[in-house]
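Data block below; observations after.
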């Protein structure tokens, strides 16, 4: 009550943020009178003036009102669009390094031009990040006209662009591109053998479009560049053949007291946990698998791989469904993005799961790959000095944006009031009844001519609905991952009279649905179908389409605008809001309603018990629906529970990945220094001295007399590392200390190295050191990534030993990293002292061989794959430590 009173008197935090910006809007509007009369050339000269003033110390904040006024005027002249006042506010929020939440149709693409232009004045580059190649190309071409008019350069980074062109595009003042391409370029750069081959420059300012999709939905998806291993794929077929012989079981009553409480007993050979998407063999199942695979003990270290692949095969058969989680296209298993419904070609599930699904579907199994380089979007985007974001739906995730990225969300007022009523959910007992009601609703709207956009959560459901509509004789378009090529075309016409569009979550983010249809898109479609037609004929067709669309627009507005029908609630409220947001853009009328059933995944897994009790209490008959605020609240609570669970997983992921991130920064910085040739000789001599220290520390014990040291081991280590037969005069043995031994060894090793330099020459030895250092770093870093993966997979089990998994992970990851540094050092020192060159060109040949390997991995064998968070396959008891690695009890964490 007190909180609402304070809000009434002082306004919400969001309102106060917006209020502070209105005076700057007024200042920009005042400047319009002096900017408008300028000629095109004078307007362009303003950019050079701003650069000069900034170079002399004037801040970008001070330049902002003038720069925004210039950008707005240029937009009027070039694009025919003048930024609204609320769009100016959106631009200021982005410039200040925050997230602008702007409703669909409020012109986010145009808003981004303001902070992009202002920040490009510094000359340090601006990256505008989009979710796909189509939007990156479209926006760079569309808005690029504005930037070019103002004297700025524009680049675009999409799949298939060669390195030389990428370098030019990154050097531009403003660079558009996809999140994947930006991330992969960072990884690829740090695998190169010359700084001249790098394509990226510094991380100055990024504006992330659809920021919720990239920084929340994709946060658990690391970018991975990997190369093939030589493991056989036969094992996947062998294991796949035994899966149909295993019977799914259920949990029996908890029986048999144990030290940790009651133990769950199971029927059948395996059980599944839909919440965790995991499958577990029962004791009976383990015995059966051992018999089928003809192995004695599945838990024997030599057979543990069989156990792992059996569990992955169980998941493939029991948890992953064709046309829901993936599709089979052209003999390949392609993942379907659960958030957008789009196909993700090239992406693969890790840890043998993808191969298990390939075996299940009977397609060719591709080898598992070994990670060569990896980074999460969370850590990639945190490298930018300043980060801003835009989306229509961020407020529900405001806490996560603030906690993980230090990004505040500011909700920007709409230019025109939102006129869309969102009707209460309608809930049925069964999916059959629900679909019957959806079809009836579509028929009623189709009869009047009002367009409908019907949202489904999977390809499978969209095709079921399509089949039902075909039976009713209702023409419609289906937009799912199978028809993604026609996405923009279908979405742009979804607002026409009598248009019925069924869409998975992808629903064409980035393409506006115009009521009455999009005349330009229709004319472009006609032009593609009639390439021989002349410009005059095209203009006549365009004029005709504009007349038709204008008439349809007025009729659709009269009918109530675009009607949204949701056929299922998503786990995230944000995705539901995105579907609703397709309607009611820029003051257009519209409406939305969700139809649900107790058989829907969200209600079945997370909340149906309470809802079912309410329906039983109200004696709901078959075919009868219910709309009740209490049920809506239960559904929202189920969604909040899932959102909180997913947030916890992402938070734990970043805490673990931060450890890896620091190690990656050290390795990549060292690599760049080597490529820059900075003090490379001094770096090698430091390695040499550290190797001497390591040998002495290992075998020369401070408190023991020198006679008792392990001299055989010392001599072997010295010979192995330095190719040196170390001889110690007998008369020095009695008074020798570890410090004295270190000094003698270092002196002899330095002398030997000096002889090598004299023999090979300064340039050749420096080149050799550089090549050997890079080779050692790349080889051992790859192995280190594999070791870290293995560590991460098993670390959750430490909780059972009353240890904090996170602390154990940090400690062991540090030990692994120190081991990595030591192995790199030893290998470089050994190679420099042992390598025999018959001719100087051999160093370049070694370097070229290494470089060509990287090119293979980068271009033909590179693979971007989805790596799911590691989970323990054991089902945790309520008082057990949570397998997610938080260190809390399961009942207090993911088991809530």
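Just so it is clear, glycine is given a Cβ too, placed from its N, Cα and C backbone atoms.
Quick look at what Swiss-Prot lists:
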| type | residues | note |
| --- | --- | --- |
| BINDING | 87, 105, 106, 107, 108, 109, 512 | ATP binding site |
| REGION | 867-889 | region 'Disordered' |
| BINDING | 882, 884, 893, 894 | Zn(2+) binding site |
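Sequence features annotated in Swiss-Prot and their locations in the structure.
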residue	record	contacts (Cβ under 8 Å, 6+ apart)
87	ATP binding site	106, 107, 110, 111, 114, 415
105	ATP binding site	512, 585, 586, 588
108	ATP binding site	90, 100, 102, 209, 390, 391, 392
109	ATP binding site	139, 142, 143, 209
*Out of these binding-site residues, 106, 512, which one has the fewest other C-beta atoms within 10 Å of its own C-beta?*
512
*How many angstrom lie between the most widely spaced Cα atoms of the ATP binders 87, 105, 106, 107, 108, 109, 512?*
17
*By a simple count, how many Cβ atoms lie within 10 Å of the Cβ of residue 107 (ATP binding site), its own Cβ left out?*
19
_With an 8 Å cut-off on Cβ distance to the 87, 105, 106, 107, 108, 109, 512 Cβ center, who else from the chain surrounds the ATP site?_
102, 104, 110, 111
